[in-house]
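Visitor: Quick one: structure below, then a few questions.
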């Protein structure tokens with residue numbers, strides 16, 4: 001894209017904002033389009049409280065409830081803390097970059113269109129499809145996780161039953177008006193926030209000596225240690241396949257939800273006010289919910305705990321549950337499993353929503369078929385939703401051993417795709433400032 005056309009984009013957005021003020025129309029009108037050159041008839045029905053809670057809840061996902069256990073088992077409490085802090089720094093940078101661009105130009109498709117406008121259309125095309133693939137594959141994984149979680153209560157039933165049921169439910173929710181979607185995500189996020197706050201209070205009490213183990217302090221950092229050894233067996237020098245580097249390479253798969261709120265900016269009332277309000281306290285959310293939780297888990301659970309090493313996807317492998325069991329509380333697994341189900345359903349819900357809005361942005365930029373722009377009377381891009389949701393059916397691959405291996409390959413590709421997209425977002429932000 002030529003430099004002068006990039007400048008035109010910035011000037012057009014600024015001119016539109018000035019015209020709003022001159023004509024007496026403010027961006028507080030929920031149905032007024034603030035988009036620059038937008039075509040899809042998405043409707044601004046998300047309220048400030050929806051976007052605020054979505055931004056907060058995005059910090060708390062399956063990576064925190066389950067993935068944090070494998071992080072500590074792989075790297076030890078200090079290694080996991082460093083990894084989470086490092087990735088948290090990356091996420092903070094990406095979110096602030098996105099927030100600035102989304103506030104100035106809140107459009108459907110978000111950063112896929114920013115890449116095309118501020119850098120080059122080819123980058124927008126590649127970045128959009130890579131990130132869409134990442135969300136589509138993640139949806140299939142979350143559906144698999146819901147089946148594994150339900151099997152905690154009904155182990156005799158086939159996982160495919162639950163995959164099918166939840167695929168219908170989540171896909172159906174995304175065909176409803178975006179206001180319903182926002183309300184559901186609001187309550188899902190509230191449940192997650194209350195759970196993590198409760199765990200942090202629980203962690204402080206147990207570490208101070210309220211559990212049957214007595215005062216812990218930093219005991220687990222000394223025995224078995226702060227870092228997990230790289231070598232499993234020093235005699236034959238067999239490597240630990242779950243070391244810090246491998247865990248870090250998979251971290252994006254657990255943190256992708258932190259950025260999906262930006263897609264909701266294109267359907268939020270008064271985005272120039274509500275988007276900055278949603279991201280203003282991002283640093284403290286990441287520090288408190290993301291890094292703080294992994295710190296307390298490392299204090300309560302030793303990295304060599306057998307249940308932590310099991311690698312399961314249900315409540316038994318959750319470090320939250322393991323910490324409660326070590327403290328002598330045996331009634332918590334069922335409750336945590338129920339919360340975990342809400343967490344996974346929230347993630348699956350956001351997968352379909354984000355994937356469909358990326359397709360809308362790609363179609364708007366003429367990088368995808370134009371029929372993805374078609375919306376219902378309530379502003380739902382039904383073709384984009386259906387196409388994104390269809391890839392959730394790949395979850396049925398996990399019913400066979402060979403299919404499960406292939407699915408893991410797709411998951412790894414999805415993780416790498418997320419990091420590539422993060423780098424592109426930062427590049428778009430640099431180009432955005434050069435144009436301003």
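Glycine is no exception: its Cβ is also placed from the backbone N, Cα and C atoms.
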Visitor: From the ranges 102-119, 210-227, 228-245, pick the one that TrEMBL records as transmembrane segment.
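Guide: It is 102-119 that TrEMBL describes as transmembrane segment.
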Visitor: Determine whether the transmembrane segment (186-206) and the transmembrane segment (102-119) share at least three Cβ pairs under 8 Å, counting only pairs 6 or more apart in sequence.
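Guide: Since fewer than 3 Cβ pairs under 8 Å link them, the transmembrane segment (186-206) and the transmembrane segment (102-119) do not come into contact.
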Visitor: Using a Cβ-Cβ cut-off of under 8 Å, list the residues of the same chain that are 6+ residues beyond the ends of the transmembrane segment (157-180) and lie near it.
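Guide: Same-chain residues near the transmembrane segment (157-180) but 6 or more away: 42-43, 45-46, 139, 143-144, 146-148, 150-151, 264, 267, 345, 348-349, 352-353, 356, 376, 378-380, 382, 385-386, 389, 392-393, 395-396, 398-399.
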